[in-house]
C-alpha cells in the first residue's frame, strides 16, 4: 500500500489557504482516482482504493498542521505501511508560488507539519511533494501569510501546481521515485 498524505489544517476557516495546498491536492486525487475520503480514525480523514494496480491510502490529518505526526504514525502502523511507501504533499515557502519540487528525504526546513512527521516517524526518510507558495511581502508575518488565501493572480499558478502534483503522484505509482523526481523537478 502507498500512502499519500496531504498536510493542512481542518475547518472551513482554513479551506483554500496557502497552508492547505496538501489538502487541496488530496481532494483532487480523491476525485480523479474515485477514492472517497469517507473513513475517520486516528484523528484523520482518509480513504483507500486501487489505482494502476496499487493499493492506495489517501490521508488528510485533522490534527492541525503542527501535530500531523499524531495522525500519520498510527495510520502507518495500522496499515503496516513501510516508510518508503509514504508520500507527503505540503506547502513550501522557499519555492516560488506555483512551483513544485520533489525530494526523497531531508530536514523539516522550518515546516512544523514535517517536523511533527519526522518526530513521530523517527526518521526524515520519506518522499515529499513540495508545492511553492512563495514568501510574504511588505513585512507580512509568515503565520498570517500561510493562513491567508491565494490572490486572484496566484490562482492559475496554484491550480497548475496542484495538477502537476497530481500527475507526479500518479507517476509515483508506477515508476521509481527518483525517476519521477527527475522528471518533475525539471519542469518549470
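The backbone N, Cα and C atoms fix where each Cβ goes, and this holds for glycine too.
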Identity of the tRNA-site residue among 38, 112 (reference: 14, 64, 66, source: Swiss-Prot): 112
Shell of the tRNA site beyond 14, 64, 66, 112, same chain only (C-beta within 8 angstroms of their C-beta centre): 9, 19, 63, 65, 67, 68, 113
Candidates 9, 19, 91 (recorded positions) - the one closest to residue 64 (tRNA binding site) by CA: 9
Residue 91 (site 'Stabilizes the basic form of H active site to accept a proton') versus residue 19 (active site, proton acceptor) - Cα distance in angstrom: 6
Neighbour tally for residue 112 (tRNA binding site), based on other Cβ positions within 10 Å of its Cβ: 15
Other CB atoms, at most 10 A from the CB of residue 19 (active site, proton acceptor): 24
